[in-house]
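Undergrad: Take this structure, written in structure tokens, and hold onto it; I'll ask about it next.
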């Protein structure tokens with residue numbers, strides 16, 4: 001197998017920026033002369049429509065004003081509103097958990113509002129111990145923080161208890177600190193089995209589910225035969241509810257074998273689960289609104305990301321909930337007027353797990369190189385993530401939907417060895433006309449041409465940098481160009497996986 005050194009990559013000679021099929025140079029020699037040379041490349045990516053790379057001019061001074069910069073970040077964090085949120089701006093895996101973990105010590109409550117165990121957040125404690133959380137909010141490592149699992153979350157109890165056991169065995173106290181909504185729906189093992197059966201049925205239009213049972217559980221919720229956490233308090237009627245749910249699955253999927261022994265075993269399991277869960281069960285709607293009245297500070301931790309939103313994402317290659325701003329209110333039972341600052345988390349490049357449109361994807365060895373440099377493998381599934389350049393069109397769309405007050409740009413350090421970096425700034429129809437917004441039509445997304453700006457890399461290690469002014473000039477220009485293109489300031493910049501590897505801007 002041929003090895004590649006990321007530090008030797010150049011736009012004109014490596015698969016991270018050129019086609020494996022053909023490349024046609026349109027405007028002379030490639031390369032920088034200190035003032036951003038103009039050039040035009042046209043290349044094919046597998047069977048996709050050709051993408052276009054245009055010259056970038058010298059970055060203008062950002063139209064975004066930056067005020068109140070504090071090296072410690074304390075002023076920046078404490079200025080966040082009473083109810084703030086951290087949401088993903090891409091297709092998930094942006095690094096939301098790290099920011100939530102850092103912010104949590106300044107908030108009384110951290111809450112999950114949607115999704116389930118398909119949301120994988122990796123965080124590290126002060127000793128560098130790694131925790132992969134799927135249901136428990138990332139604020140759990142901060143001893144004084146209360147963690148809420150809201151009504152919009154679907155809860156797999158075996159998975160939840162496994163996370164709690166792992167945390168407590170590593171010295172993290174969970175008793176009295178995790179509150180589970182009595183309105184949250186229960187996700188059963190059979191939901192996971194059904195998820196796999198349904199995926200097999202749809203093999204020709206493979207969506208790429210995590211097979212965690214999220215879709216089937218939300219389906220049960222919507223058709224109104226789901227079972228909620230509060231139902232565990234009524235074990236006299238629980239068997240009938242579960243029988244209805246299992247019978248429905250058996251009638252729908254021939255491969256699902258359901259018998260009375262299964263029902264009996266599940267009922268006995270859930271009697272024990274109910275007893276263990278009881279101390280955690282809470283009317284979280286009342287709890288949250290009471291906390292707001294008491295001026296408690298609340299941080300909402302979004303799962304997945306806006307581009308996976310059931311309404312606004314690349315449907316049907318999406319999740320089954322609303323991981324955008326609207327999901328905060330419906331998933332926690334709080335009023336829109338109380339929601340304040342929302343921070344959007346976005347990688348310095350783009351990744352996606354599973355199938356679906358990905359306009360700025362880098363194909364071949366170039367994508368592999370970026371994947372290994374960024375260790376892009378799913379927290380939940382372990383699957384390799386598809387990698388590509390930062391998609392400004394999609395990011396701007398996410399900023400419009402969510403009304404972000406600021407952005408957290410993560411993994412800037414992963415790009416450190418590249419000689420040149422690209423930003424996907426414009427989508428064009430196959431006929432060359434410009435798309436004015438992010439399209440809902442996935443067929444069109446597969447055909448569009450992406451117009452890129454090319455910027456110089458900084459080719460130096462920035463993982464130890466903690467002040468924005470100490471970043472290389474090219475790195476600062478990259479950050480400021482993103483701000484200029486989307487109209488939202490970048491307040492946090494990730495330069496490594498550790499808690500301290502964060503620049504406050």
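Cβ atoms here come from the backbone N, Cα and C positions, even for glycine.
Dumping what Swiss-Prot says about this protein:
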ACT_SITE  93  active site, proton acceptor
ACT_SITE  121  active site, proton donor
BINDING   92-98, 120-122, 385, 411-413, 494-496  GTP binding site
BINDING   93, 120  Mg(2+) binding site
BINDING   93, 94, 95, 96, 118, 119, 120, 121, 210, 224, 304, 319, 383  IMP binding site
BINDING   379, 380, 381, 382, 383, 384, 385  substrate binding site
TRANSIT   1-60  transit peptide
Undergrad: What are the non-local neighbours of residue 412 (GTP binding site), defined as same-chain residues 6+ apart in sequence with CB under 8 A from its CB?
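TA: Correct list: 348, 462, 475, 478, 479, 493, 494, 495.
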Undergrad: Taking just the CA atoms, what is the gap between residue 118 (IMP binding site) and residue 382 (substrate binding site) in Å?
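TA: So the alpha carbons of residue 118 (IMP binding site) and residue 382 (substrate binding site) sit roughly 12 Å from each other.
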Undergrad: Would you identify the secondary structure of residue 98 (GTP binding site) according to DSSP, in three states?
TA: helix
Undergrad: May I ask you to report the DSSP-based helix, strand or coil state of residue 412 (GTP binding site)?
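TA: Where residue 412 (GTP binding site) sits, the three-state DSSP reduction gives helix.
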Undergrad: Please report how many Å separate the Cα atom of residue 304 (IMP binding site) from that of residue 98 (GTP binding site), as a whole number.
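TA: One finds 14 Å between the Cα atoms of these residues.
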Undergrad: Just the number: how many Å between the Cα atoms of residue 384 (substrate binding site) and residue 93 (active site, proton acceptor)?
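TA: The separation of the Cα atoms works out to 12 Å.
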Undergrad: Roughly how many Å lie between the Cα atoms of residue 383 (IMP binding site) and residue 121 (active site, proton donor), rounded to a whole value?
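TA: The separation of the Cα atoms works out to 15 Å.
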Undergrad: Find the shortest Cα-Cα separation between residue 121 (active site, proton donor) and the recorded positions 92, 93, 382, and name the residue that gives it.
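TA: With Cα distances computed to residue 121 (active site, proton donor), the winner among 92, 93, 382 is 93.
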Undergrad: Which is it, of 118, 122, 304: the one of these binding-site residues whose Cβ has the most other Cβ atoms within 10 Å?
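TA: Counting Cβ neighbours within 10 Å, the top one is 304.
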Undergrad: According to DSSP, does residue 122 (GTP binding site) sit in a helix, a strand, or coil?
TA: strand
